[in-house]
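Everything below concerns the one structure shown next.
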Amino acid sequence: MGTLSHAAIAPRLAALHHHRASHGLSHPSSPSLRLPASNGVAKKSRVVFAQSKSHNKDIDFSDPDWKSKFQRDFERRFNIPHITDVFPESVPIPSTFCLRMRTPVIEDFAGGYPSDEEWHGYINNNDRVLLKTIYYSSPTSAGAECIDPNCTWVEQWVHRAGPREKIYFKPEEVKAAIVTCGGLCPGLNDVIRQIVITLEIYGVKKIVGIPYGYRGFSDKELAEMPLSRKVVQNVHLSGGSLLGVSRGGPSVSEMVDSLEERGINMLFVLGGNGTHAGADAIHNECRKRRLRVAVVGVPKTIDNDILLMDKTFGFDTAVEEAQRAISSAYIEAHSAYHGVGIVKLMGRSSGFIAMHASLSSGQIDICLIPEVPFQMHGPHGILHHLKYLIQTKGSAVVCVAEGAGQNLLQKTNATDASGNVVFGDIGVHIQQETKKYFKEAGVPVDVKYIDPTYMIRACRANASDGILCAVLGQNAVHGAFAGYSGITVGTCNTHYVYLPIPEVISHPRLIDPNSRMWHRCLTSTGQPDFV
């Protein structure tokens, strides 16, 4: 996941939930769902709260009006910033995006802004998407996400993404920039391509790419790259990023200075939690300086650890590519006498790739993720179970996320350019401990270790991710032209939405060990608890 330098984003991370009121769109009127009252449960029941504890801790559940207060607070936090918050005098114009148009938009718009009043392809500003769709009758239900101890149903609505009938930027006055930060991820070029294509459909002529992440704003040796449909036409057929990537970068003030100097008034930022913290800081600095700039993020993290979203682009491809490594490990282990295959996959804080890859392959005997602690030794340890597998099956395959079991390794104070702690190699540790354990037990074993990390990151997006990238890129442009800023685009319950950046970056999204998906993975592997 990409990020700015820690010093640049620390103030933003410390104030993630101090969100401004947006441009005052009313909440949609929606019929209340009539559901049975939830059953009372013992106070010791395990409850996973749907919202972060920082918001729930101030709720007085004994207040009979707590539900409506929670909804008002939720609506306030999820109101998305708009250009009219700072420039209330801004006058919207008819959208230049209309797929019924059959003639190209003329360069100088001498004939006015083309529109088609009868085209019903626009999104109403008051359209909303329901954030949570499952009614949990008890906090003890598998995967229950509750606001209060009784799991009361509370409707939570977020803004629907898509083109608006009115826009707040004249296309001929727009200079749009795209920047990709952090590590590589399948689909980066797909998103870049769709942003450029959609901008051109609106009528934008000045589109540039900022090379090598946020670094490109300050490094005088890195010139911005002119972009057009001709330039990006086939870029999605390759992995990597057309613009290049890097971690870290200059201060927020320097980057906004660069935006001013270049005349950029639309910025599209592709990156993870850290990169989005930087985008939010840029958005707020632009507001502070009263700059008419729209900053829109597109979540890019192969780990799938962005809050509130179904999934992020590149994840499906990562899971699919991981099958090659798992299949190789299985063949190696199955073909050897007492063979053990170990595959390490990405996942610093969350084990979504490891879990989904294990479940989809059907070849994994042990899946280890950061969210579930384990021990190597003892009667309930991994090594004891490996011995059982060798005795009963003759071979075993282990899939481990890179962030799993870090408590078993020697800690270092080293950090990368993004400020992330440099992890020890849990895969190598398991490999060494396995060899040592079986050697001491006098049992011959053949251990093979595979780390496909960079092979997975560098490949092109598969069909599923290609579609997701296309829609995310298009909706990012729609959001910017609609006048929104400080937002990111994603999917909630299969629908595309706009979310305020602070609400999705407060902490990484994690696997709930009591979720149905983790239970399904355990059913597939047949592994016991390793504690």
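Note that Cβ sites are derived from N, Cα and C of the backbone, with glycine treated the same way.
Sequence annotations record features per position, and here TrEMBL assigns domain 'Phosphofructokinase' to 176-478.
Taking the Cβ of T275 (ATP binding site) as centre and 10 Å as the limit, one finds 32 other Cβ atoms among all the protein chains shown. Taken from TrEMBL, the feature ATP binding site covers G183, R247, G248, G272, N273, G274, T275.
The Mg(2+) binding site annotation in TrEMBL covers N273. Around the Cβ of N273 (ATP binding site), a 10 Å sphere holds 28 further Cβ atoms from the protein chains shown.
What TrEMBL lists as site 'Important for substrate specificity' is G274.
Over all protein chains present, the Cβ of E402 (substrate binding site) has 24 other Cβ atoms lying within 10 Å. The substrate binding site annotation in TrEMBL covers T301, I302, D303, M346, G347, R348, E402, Y454, M455, I456, R457.
The active site, proton acceptor annotation in TrEMBL covers D303. Neighbour count (other Cβ atoms within 10 Å of the Cβ, all protein chains): 27 for D303 (substrate binding site).
Taking the C-alpha positions, the distance from N273 (ATP binding site) to D303 (substrate binding site) comes to 11 Å. Between the alpha carbons (Cα) of G347 (substrate binding site) and G272 (ATP binding site) lies a span of roughly 13 Å. Of the candidate binding-site residues, T301, D303, M455, the one lying closest to T275 (ATP binding site) when CA atoms are compared is T301. Spacing of G248 (ATP binding site) relative to R457 (substrate binding site) is 19 Å (Cα to Cα, whole number).
A separation of roughly 8 Å, to the nearest angstrom, links the Cα atoms of T301 (substrate binding site) and G183 (ATP binding site).
A straight line from the CA of R457 (substrate binding site) to the CA of G183 (ATP binding site) spans 8 Å.
In this structure, the binding-site residues G183, G248, G272, G274, G347 were compared by how many other Cβ atoms lie within 10 Å of their Cβ, and the smallest count belongs to G248.
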